[in-house]
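Engineer: Quick one: structure below, then a few questions.
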């Protein structure tokens, strides 16, 4: 027969290959049997499993028979089919014809083998106790009316088992995580499944909120019998789209596979429920020119009610794919799955804690669970609970597990110390002088001492590792006993339940308790096997780059003296520094409004008085680097259309996929200082965008994605009213009343900004012109920066009062602020020092003292042994 199914063709090729490699002259039915048994998912093997045949026993018998086959000398004729194999194929051909099939498949071969008297199959067949007629009935039932009318038809039989995973079987075997909470959603799913029509629930929710977990929870309830009568003994299958599509080479093959799955569900007569995760992938899947996509194949079965289906997808994909197809949408009943509250998320983590403790062999504290939920909610804003909190716990536990398997730091340090001593000892041995003899003896004593300490540390390490490993094994055993108890209760084996519940489990729990106490009572532990909130904070810091640590005493002290820290960089602006410091303190202790940004400030004042410098100082103080400041020069946003630069271009315009500069920056670095420089130069459309940010702490970009801005500090600088401010300060001298200063610039502010914009600003901070004393302090700050750069080259720099007086007089202009001072230092000091360095007049190890001589900066050089 020329027409073989793909599986049989492949088996025949392997049989010929096997005979060739084994140097056999003939390809016998045993070669074919061996190649058929090598594919446990084939129809041939599936039928044998259904009649409870022992595949392992048959494989061993075939291997023995093949070893007894005579071999030929290499280089002789190619192996040819034996007469017995030809007769077997002829018998299989007759079976196919009698069943009305066009292609010879694995079940036809099995029927032919069953009627054969050839060994070893004939002997093995007697162990099965099934007649050929009963076998044929089983195959007919298995086929569910399908005929072998294409080469791939055999693969598509039992499509449900091949392309789906049985969740209820996994639940019965204890391979699913417990599903905590979500009772309302599971109850709603059961309610929809129990309807007469439109009984297909669609779980819709953001990624990571637990849609798949609801399907797993339903499978667990079915196994436990905690479902209505209409759902008892049902099987929940999850469709594997990857397996369904993979390897579908020819047109129509994908549709054929999907139809086989649907046929399997329909043939179960309501006993099977199909769960399709990421159901939107079905829309368009498999569609080519003239072919239907998978969704269209589902519609008739969904409409008739023969397909019981649960779908799961995200809200965006539902709107993009499902809602567009009204015929598909109406066949599903939406169930919205929302993100759990913080309390519910902690409750979910408590239920999962034991699974992760057993897997990683660590202990997870209650504080770690709370920290995982709170910190992930606060700092990881682009993902959803409980998924992100579970990931934190998992990664923190894996970190501890990795440390347990690695060399502890004290042992590593001792080994390094020992290596250094041995190297030193070898160097001393090379010296033959008697003076070194005593030092060599001392070195040997030190090496012996370190070796003893190292041996003691290694012994402690091995003991601790043994205790931790033993504890993990006991917890694994406890989990197995609890699963066995549930299984015994399901099968009504109450003697076994009593033995487990009142004897074995309490005994093992007591052993675990004693082992934990023994581990906790050890002094000077080398290994940490506990996941706590500090470790969770460390993982969050690794993920986000934000220094998330519990507030230490050192940080508390730093926050209390925040004004002094800022005044080291920004001089003469007490109003601004005090207001900003108060805002940061409130945010750090958690008393600021959680629904708004950390702070929104408008810095007003003339140029060069420290507005931008204060923003840089804040970024360095809060996030340890000036680069944490995101700066926008608002002169680039003077046109109406330039607002798209901030939030992204609208659909259809160039740059739509790239996103906006503000939205993308805040998405990647939600903890930042955002500076809008010269805000008054921006177009009014920009202010409308800022209203939403300042009020709700949310920015919606052009793709309708919400960006969390609640952890950013927003600072705007402006020169509005700077002339009025300067005139007022000149007239009044020392300024002590901030409100009086603001009343001077209020009219100018109202001309530029709308009332609703001004109303959303936390504080408007006037920056007053600098005084002579302020300029002297700034000279000191700028000169210290130059001195620090020279100190890196081992050069000490000092200066006298004459230089300070010269720079403060020549470098300050009330119209330009302190910026000319920086230029003057660059011209008069830095340029002169750089020339001296290039000439070799100044070298590392020298001290340079700057002074003035007839309005010229000069320096004295002397050797500086201290540097």
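Backbone N, Cα and C atoms are what each Cβ position is placed from, and that goes for glycine too.
Sharing the feature lines straight out of Swiss-Prot:
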DOMAIN    1-145  domain 'Clp R'
REGION    4-69  region 'Repeat 1'
REGION    81-145  region 'Repeat 2'
REGION    158-339  region 'NBD1'
BINDING   205, 206, 207, 208, 209, 210, 211, 212  ATP 1 binding site
REGION    340-545  region 'Linker'
COILED    390-524  coiled coil
REGION    555-769  region 'NBD2'
BINDING   605, 606, 607, 608, 609, 610, 611, 612  ATP 2 binding site
REGION    770-867  region 'C-terminal'
Engineer: Sort the binding-site residues 606, 608, 609, 610, 611 by C-alpha distance from residue 212 (ATP 1 binding site) and give me just the closest.
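Structural biologist: Nearest listed residue in space: 611.
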Engineer: Which site among 210, 606 has the most other CB atoms no more than 10 Å from its CB, taking these as binding-site residues?
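Structural biologist: The residue with the most neighbouring Cβ atoms within 10 Å is 210.
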Engineer: Using C-alpha atoms, which one of the binding-site residues 606, 607, 609, 612 comes nearest to residue 206 (ATP 1 binding site)?
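Structural biologist: Ranked by Cα distance from residue 206 (ATP 1 binding site), first place goes to 612.
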Engineer: Same chain only, sequence gap of 6 or more: which residues have a CB within under 8 Å of the CB of residue 208 (ATP 1 binding site)?
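Structural biologist: Listed in sequence order, they are 383, 384, 385, 386, 387, 388.
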Engineer: Give the mean pLDDT for the coiled coil (390-524) on the 0 to 100 scale.
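Structural biologist: Value for the coiled coil (390-524), mean pLDDT as a whole number: 73.
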Engineer: For residue 207 (ATP 1 binding site), what is the tally of other C-beta atoms lying within 10 angstroms of its C-beta?
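Structural biologist: Residue 207 (ATP 1 binding site): 13 neighbouring Cβ atoms within 10 Å.
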Engineer: Using residue 607 (ATP 2 binding site) as the reference point, find which of the binding-site residues 205, 207, 210 has the shortest Cα-to-Cα distance to it.
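Structural biologist: Minimum Cα distance from residue 607 (ATP 2 binding site) across 205, 207, 210 lands on 207.
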Engineer: In the same chain, which residues outside the set 205, 206, 207, 208, 209, 210, 211, 212 have their CB within 8 A of the centroid of the CB atoms that define the ATP 1 site?
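Structural biologist: Close Cβ neighbours, site residues excluded: 213, 314, 337, 384, 387.
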Engineer: Pick out which of the binding-site residues 211, 611 has the most other Cβ atoms within 10 Å of its own Cβ.
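Structural biologist: Top count of Cβ atoms within 10 Å goes to 611.
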Engineer: Out of 605, 609, 612, which of these binding-site residues is nearest residue 210 (ATP 1 binding site) by C-alpha distance?
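Structural biologist: Closest candidate to residue 210 (ATP 1 binding site), judged by Cα separation, is 612.
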Engineer: Given residue 609 (ATP 2 binding site) and residue 211 (ATP 1 binding site), what distance in Å do their CA atoms have, once rounded to a whole number?
Structural biologist: 55
Engineer: Could you check what DSSP calls residue 611 (ATP 2 binding site) once collapsed to helix, strand or coil?
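Structural biologist: The residue in question, residue 611 (ATP 2 binding site), is helix (DSSP, three-state).
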Engineer: For the binding-site residues 209, 609, which Cβ has the most other Cβ atoms within 10 Å, all shown protein chains included?
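Structural biologist: The largest 10 Å Cβ neighbour count belongs to 609.
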Engineer: Cα-Cα, whole number of Å: residue 205 (ATP 1 binding site) versus residue 612 (ATP 2 binding site)?
Structural biologist: 43
Engineer: Measuring Cα to Cα, how many Å separate residue 209 (ATP 1 binding site) from residue 608 (ATP 2 binding site)?
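Structural biologist: A Cα-Cα distance of 50 Å.
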